[in-house]
Structures are given as structure tokens and as C-alpha cells.
Amino acid sequence: MPTVLALETSCDESAAAVLRLNNGCLQVIASRIASQVEKHAQWGGVVPEVASRLHVEALPHLVEEVLQEAGQSMARFDAVAATVTPGLAGALMVGSVTGRCLAALHALPFFGIHHLEGHLASVLLAEHPPRPPYLVLLVSGGHTELIRVGAESEMVRLGRSHDDAAGEAFDKVGRLLGLAYPGGPAIQALAAAGDSGRFSLPKGRVSKPGGGFHPYDFSFSGLKTAMLRLVQALSEAGEDLPRADLAASFEQVVADVLVERSLLCANDQGLKTVVMVGGVAANRRLRELMSKRGQEQGIEVHTAPLRYCTDNAAMIGAAALQRLVSGDDASSLELGVAARWPLDKTEDLYHSPPPF
């Protein structure tokens, strides 16, 4: 049974996992995550240098823990995988160097995984994973994209955010409302007691040069600015800030926009399945609204398991196992890391010489 050790250190989560493919089913044998959220909360966001140092401290222990839990020695693995792009360069380097060293020491193939490919693979860890073709709404702190996954697992981006990602907007609005970092869970908790219809907020559009709008693209900067002005106006009027209503109204309009454009894109593409992955896919209002609207339109909705929505190593292992069993080439041990790399150039990560 093909088995991989996977590592993830692209931002503020150190993670290691052991995965196995058993009769065509992905099995997570062991998975560990060391979150840095509390460390970064005092600054209201991720500090790259601090993140890198914490990865260096945490990752060796996580690797040891998953090996012990899996009862697996390195000699029994078929490959090692690590996230190499996109992300914070210093943070990526910790996982990449660790993975490449382990692969070299034990004469194992190394798979440098694109972080977004990992998120796309996270839905395969569900009890009943969808079968392609389908449309993926990848919505996280750094990315908001609509990606068509074809029958041969080919990936084509059909829509994207032109400014802030949805998760980034949650963080910034959370800070505006005086909430703890990260903003997503804090806004969800506060919004539960609020009136989502109290405030009218804009659904950002992206204009085309020749007129009209990009139908599947997103823009959250205008929404963020509208929230800022609304909070300022309420404060200047001497009113107590209705934080729960503000949070609920913001959360609702984000969910509305994501659902409307995802389902429009799926219908236009003739796709009957929509998949949600990424940290924001854990949002309760978004999940409920997508399921409700999808059912009304005859579209099946799948979401990655909650524990695999945020950054984790299991999704990286899932992507690596897909490549391993498909007979794809492994990455060069000379492969470095890149803060940015387009998803449509993922195959370059397996070329020799490597692209970076």
C-alpha cells in the first residue's frame, strides 16, 4: 500500500501527516498540527520571521509524533512530500528542506506540492469524495478562486479575487470590530447573535475594460471600505456599535457573493457538482447557504471535512499520493521554494532542472 510522509509549513501552521492508499481509498494514518495563532494574535496577523522560527521549533517534534503514531519507520515509506509554493518563503523553506533531507537520507522520491493543489485534494479525504468533473470554490486567507477540475484531474481557473481574498477580508473586518485574530471564527461566533439584514453592504464586481463585469470574479476591497465607513459613521453619531449586526451583515454578503457566483459558474459550465475547500469553507453560514441554493438548483455540494479545511499536512499527502500512484515524475531534490507560483504551472514543479 503506497504510503507518504507529508509536511506543511506555508504560513502559520506547522503540520505533518502519514497517509496511505488502501484499495483506492485515502487513509490518514496520523496527522498533527502545531498552530501559531496565539503567537501571532498579539500583532493582529502573521509575522513571517516569527512564523519561520516557530516552524523550525515545531516540525521535528511533529514528524517524530506522526511516525510513532503510525508505527512507521522511514524505510517503509514510498515518498516524502512538502509544500513548496505559494506561501511565506522562509516558512516554506523549513518544510521543504526537512522533506528533501529526509527523502535524500532514505533514498525516497520527493514531491514538492503546490499549496492550492493540496487544498483541492482535501475533499478527497471526505468519507464520500466527489468524482470529477466538478467546480471548486477555493476560499481561504490568501486565495479566493473558482477552479474547474476535469475528469483527468486537470485544473483550470475560471474566477478569482482581484484584491483581498475572502479570508483576508474576514481578518481585516474582525480587526475593525475589535475581534481576535483570526477574524473568521470570531466573526462567525459574534454573527450568530446578530441581524444579517440590518445593514445593506455592496457585492463587489470586477469591471471588464470594454464594459460589463467579469461574471465569476470577486472583489472584497469595496466591502471592506464600506464596513470601515459604516463603523466610522456609527461611532461619530455616538451610537453603541452593534457589532453582532455588523458581523452578521458582513458574513451574509460574503456568503451571498461566493454562493451566487459559484453556482452561476457551475451552471454555465454544465457542472452538477460544486466543491468547497479552504479555511473559509468552514464557515457555517457559507456551508448552509451553498447547500440550500445548490439543492434548489439541482447542484450537488461537497465540502472538505472541517478538520482539513484549514492548512494541514494531510491534504498535501493526498495530493502527493495521487501523483505517486499515477506514476508522475517526482520533484528534483534541487527544487527550492517560491512565495508565488501559478496553479496552471504546477507541472513545472516536477521538471528537471526545477523552475526555482
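Numbering starts at 1 and runs along the chain as displayed.
The backbone N, Cα and C atoms fix where each Cβ goes, glycine too.
According to Swiss-Prot, the protein carries these features:
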BINDING   HIS115, HIS119, ASP311  Fe cation binding site
BINDING   LEU138, VAL139, SER140, GLY141, GLY142, ASP171, GLY184, ASN283  substrate binding site
Anything within 10 Å of HIS119 (Fe cation binding site)? Look among the binding-site residues GLY141, GLY142, ASP171, GLY184, ASN283, comparing CA atoms, and list what you find.
none
Distance, HIS115 (Fe cation binding site) to LEU138 (substrate binding site) (CA atoms, angstrom)
11
Within 10 Å of its Cβ, which one of these binding-site residues (LEU138, VAL139) has the largest number of other Cβ atoms?
VAL139
Which residue, of the binding-site residues HIS115, HIS119, has its CB surrounded by the fewest other CB atoms within 10 A?
HIS115
What whole-number Å value do you get for the CA-CA distance of ASN283 (substrate binding site) and HIS115 (Fe cation binding site)?
20
Centre the Cβ atoms of HIS115, HIS119, ASP311, go out 8 Å, and tell me which other residues of that chain have a Cβ in range of the Fe cation site.
GLU8, SER10, THR83, LEU116, GLY118, SER122, SER140, GLY278, ASN312, MET315, ILE316
How far is it from VAL139 (substrate binding site) to HIS115 (Fe cation binding site), counting Cα to Cα, in Å?
13
Just counting, how many other CB atoms are there within 10 A of the CB of ASP171 (substrate binding site)?
23
Record-listed substrate binders LEU138, VAL139, SER140, GLY141, GLY142, ASP171, GLY184, ASN283 have a maximum CA to CA distance, in Å, of 17
Could you work out which of the binding-site residues (GLY141, GLY142) has its C-beta surrounded by the smallest number of other C-beta atoms within 10 A?
GLY142
Rounded to an integer, what is the Cα-Cα distance in Å between GLY142 (substrate binding site) and HIS115 (Fe cation binding site)?
11
Report, in whole Å, the straight Cα-to-Cα distance of ASP311 (Fe cation binding site) from GLY184 (substrate binding site).
14
Distance between ASP311 (Fe cation binding site) and SER140 (substrate binding site) at the Cα atoms, whole Å?
9
